Each structure stands twice: as C-alpha cells, then as structure tokens.
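Some notes on the structure that comes next.
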C-alpha cells in the first residue's frame with residue numbers, strides 16, 4: 001500500500017529561544033527537518049511539509065537538499081493547531097503518515113513497523129518516564145479510546161503515563177471524511193489533530209496503538225532537549241561505525257558529523273571532532289584533532305592537528321600543531337607546527353617545523369606547488385604564488401618568493417653579524 005507523508009513544521013517554536021526557526025536547529029551539523037526528510041523520502045516519493053513561521057527561510061533549505069518536497073503553508077490566524085495544518089493537503093496515495101518536524105531521531109525501521117499495521121488509524125504511543133506536558137492516551141481492550149491534551153486533562157487523566165508520540169498513519173479516505181468535523185472547542189481554541197481519534201471512535205473505527213521508544217520519538221522544544229537529542233544521535237552514529245569496524249578510544253569525548261563516512265580500518269582517539277562530509281579511509285586520527293570536510297586516506301593525523309575544508313591527504317603523516325586548508329598532500333610528512341594552505345605537495349616531500357605557505361596577499365588567495373622528494377628546512381616561508389620543482393632542498397630559515405628549479409639548493413638568509421665580548425660590555429662594569 002502506497003503512502004503519502006506529511007510533516008508538520010509550522011509552529012513558532014518560541015521555547016527554542018532563537019531567531020533561527022526550530023526545525024532548522026542542527027543536530028550533528030544537520031538541521032532537524034533534514035533528518036526527518038531523509039527518512040521520509042526513503043519511504044515515499046510523495047512528501048509534503050507544512051510551514052508558516054519564517055516559511056521562505058525553511059523552504060529554501062528544504063528544497064536545496066530535497067527539491068521534490070511539496071511545500072504547504074498553514075494559515076495560523078484562521079486555522080491554528082495541528083489539525084489546521086492539514087487544510088489544503090491532498091494526499092496522492094491510499095494512506096497518510098503524519099510526522100512532526102521536530103522529531104529527528106526517528107528511525108526508518110520504526111516508521112516501517114508503524115506502516116506495517118493495516119488498521120485504518122494507527123497511533124504511535126510510548127510509556128513516558130516523566131509524562132510532563134505530553135497528550136495522554138487512554139487505551140481500552142487494545143484499542144485507543146481517546147487522546148487528551150495536557151491542557152484539557154483532568155487530575156485522573158494526568159496520572160496516565162501512556163503518551164501520544166504525535167505520529168499517525170491514517171487511511172486517506174478516513175482522513176478526508178473526519179478532518180472537516182474537527183472543531184476548536186478547547187482551552188487553546190486550536191484545531192487538534194488528536195480529536196481525529198475521538199471522531200474515528202464515534203464511527204467505530206479500530207484505532208491501533210503502536211508502542212515506540214520514548215527517546216527515539218522525542219520532540220525537541222528547547223535548547224536543553226536539543227542537547228539531549230544530539231547526544232543520543234552521537235551515540236547512535238558512533239555505535240553504527242563501531243559495528244562497521246571503526247575503533248573509537250573514549251567515544252563519549254568525540255564528535256562525528258551525521259554525513260561523515262569511514263571506510264576500511266580506522267582508529268579515532270579521544271577528543272577528536274570530524275565534521276561535514278569528511279571521509280576517513282584506513283587512517284588513524286589521534287587525540288584532539290579537528291577535521292572539516294576533508295578526505296584522509298591511508299594516513300595518520302595528529303595529535304592536535306587541524307584539517308580545514310577541502311584537504312585531501314593520501315599516505316601522509318600530519319603531526320601535532322599542523323594546520324592544513326585546501327591542501328592536497330600525497331605521501332608527505334609534516335611533523336609539527338606548520339601552516340599548509342592552498343597548496344599541492346607531492347610524494348616523498350618532508351615539511352620542516354615552522355613552515356608556512358603565505359597564501360593571502362590581502363585581496364585574494366594564491367597557490368603553492370611543491371614537487372616530489374623536496375626537503376623543506378625548518379622556519380621556511382613560501383610566498384605564493386610559487387612553484388618548487390622536484391628534488392629541491394630549501395635551507396632552514398628561508399623565505400621563498402621565486403620558483404625553484406629541479407635539483408637546486410635554495411638559501412635566503414640575512415647576513416650574519418657577531419660582536420665579540422658584547423655580553424660583558426653590556427652587563428658587566
């Protein structure tokens with residue numbers, strides 16, 4: 001049975017206390033709406049998102065990554081509430097899966113299990129450790145009797161710990177029949193989607209409660225819950241990669257972005273941060289290193305190294321306090337305390353301590369190209385644009401501002417001066 005998916009993302013999200021819309025808040029470097037859209041498009045090609053607050057901003061991000069998404073706008077003034085979000089929604093398929101845009105931890109397998117039930121109305125519920133302000137679900141004889149919003153619950157109903165996860169699977173024809181019957185006769189004067197349960201019950205529709213994991217189906221309303229969710233997602237990301245063979249030393253101290261990829265045998269030490277679309281292939285990342293949108297293959301990085309965006313390392317050693325940016329290094333050793341930016345360095349080259357590629361002239365960036373088997377002495381500055389041919393020796397302390405031909409020794413130092421007995425003249429009388 002084909003499914004249309006509707007994601008509710010029109011709320012103001014005032015408790016998140018941010019100028020950025022709630023659904024654009026990031027977990028593991030990806031906004032929560034993108035996390036849920038990835039799961040949605042894995043299940044259906046008919047996916048719609050309901051927006052209102054900062055619609056243009058949210059729509060732009062959604063369509064950048066998921067251009068086939070249908071965008072709907074909720075009229076919050078005339079049709080507030082979760083049921084009001086469905087006005088104007090026309091599903092293309094036999095049933096509808098309704099999701100919340102602030103629920104990024106939901107797994108595709110859990111949604112598949114929810115869709116696997118053939119009841120006309122399925123409701124995701126969970127046993128809450130602390131029910132807080134969740135809507136309470138009253139179940140009788142394995143069928144949902146009603147959902148009571150916390151604002152409208154009486155004292156007895158507030159004692160119930162079975163709560164509404166806010167995820168529904170409903171027959172499209174049933175939805176079309178019941179939606180116009182929902183009213184706003186409640187404390188908040190809103191149109192509640194939860195009322196669809198009461199209306200379905202009045203028509204003797206069997207409503208199936210499907211129990212799900214509370215942590216996985218948590219909604220995010222403030223920055224504290226955002227941090228809890230990100231921590232939960234980090235554990236899942238690292239667990240997945242460890243099951244694929246990656247070794248993490250002290251994994252609770254590392255951060256791995258949602259789009260990071262590991263291939264082969266990799267090892268990650270404590271306090272490492274790997275971001276963006278970085279790809280680590282058969283490599284070791286040592287303590288307290290940061291890698292951003294870079295590819296590391298058959299290499300070791302760190303400790304205390306920083307690979308900024310667009311670095312490509314192959315068969316290379318990057319040591320402590322080395323920073324690279326937009327650098328392609330193939331079979332290179334850069335052991336310590338260097339900046340290698342906007343450069344290409346070829347195989348067999350050794351970069352001495354204190355080497356800097358001076359890539360910025362105050363207006364634009366320039367490139368340094370270093371060939372094969374080059375020995376770069378300590379405290380060398382390359383003034384880009386500059387090209388060093390193969391098999392060159394750069395003497396320590398040199399400032400290189402011209403191209404250097406193959407096989408040459410380059411030395412550029414100020415003249416030496418030594419004043420005999422100067423110490424005694426200065427400090428002894």
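Just so it is clear, glycine is given a Cβ too, placed from its N, Cα and C backbone atoms.
In the three-state DSSP assignment, the secondary structure recorded for residue 336 (active site, proton acceptor) is strand. Cβ neighbours within 10 Å of residue 336 (active site, proton acceptor), excluding its own Cβ and spanning all shown chains: 17. Per Swiss-Prot, the feature active site, proton acceptor maps to 336.
The feature UDP-N-acetyl-alpha-D-glucosamine binding site is assigned by Swiss-Prot to 8-11, 22, 81-82, 135, 149, 164, 221, 308, 325, 339, 350. DSSP assigns residue 8 (UDP-N-acetyl-alpha-D-glucosamine binding site) to a strand in the three-state reduction.
What Swiss-Prot records for 102, 221 is Mg(2+) binding site. Reduced to three states, the DSSP call for residue 221 (UDP-N-acetyl-alpha-D-glucosamine binding site) is coil.
Around the Cβ of residue 378 (acetyl-CoA binding site), the same chain contributes 352, 353, 354, 355, 396, 397, each under 8 angstroms and 6 or more positions distant in sequence. Following the DSSP three-state reduction, the secondary structure of residue 378 (acetyl-CoA binding site) is coil. Positions annotated as acetyl-CoA binding site by Swiss-Prot, on the basis of sequence analysis: 359, 360, 378, 396, 413.
According to Swiss-Prot, the feature region 'Pyrophosphorylase' maps to 1-223, an assignment based on sequence analysis. For the region 'Pyrophosphorylase' (1-223), the model's average pLDDT works out to 93.
According to Swiss-Prot, the region 'Linker' annotation covers 224-244. Using a Cβ-Cβ cut-off under 8 Å and counting only residues 6 or more beyond its ends in the same chain, the region 'Linker' (224-244) has close neighbours at 16, 25, 27-28, 32, 104-105, 215, 218, 251, 254-256, 258, 260, 262.
Marked as region 'N-acetyltransferase' by Swiss-Prot: 245-429.
Neighbour density at the Cβ, taken as the number of other Cβ atoms within 10 Å, is lowest among the binding-site residues 102, 149 for 149. Between the CA atoms of residue 325 (UDP-N-acetyl-alpha-D-glucosamine binding site) and residue 336 (active site, proton acceptor) there is a gap of 15 Å, rounded to the nearest whole number. Of all Cβ atoms in the shown protein chains, 15 besides its own fall within 10 Å of the Cβ of residue 396 (acetyl-CoA binding site).
When the CA atoms are compared, the recorded positions lying within 10 A of residue 8 (UDP-N-acetyl-alpha-D-glucosamine binding site) are 102, out of the candidates 102, 336, 359, 360. Set side by side, the binding-site residues 8, 10 differ in how many other CB atoms lie within 10 angstroms of their CB, and the most is found at 10. In sequence order, 366 are the residues near residue 360 (acetyl-CoA binding site), counting only same-chain partners six or more apart with C-beta under 8 A.
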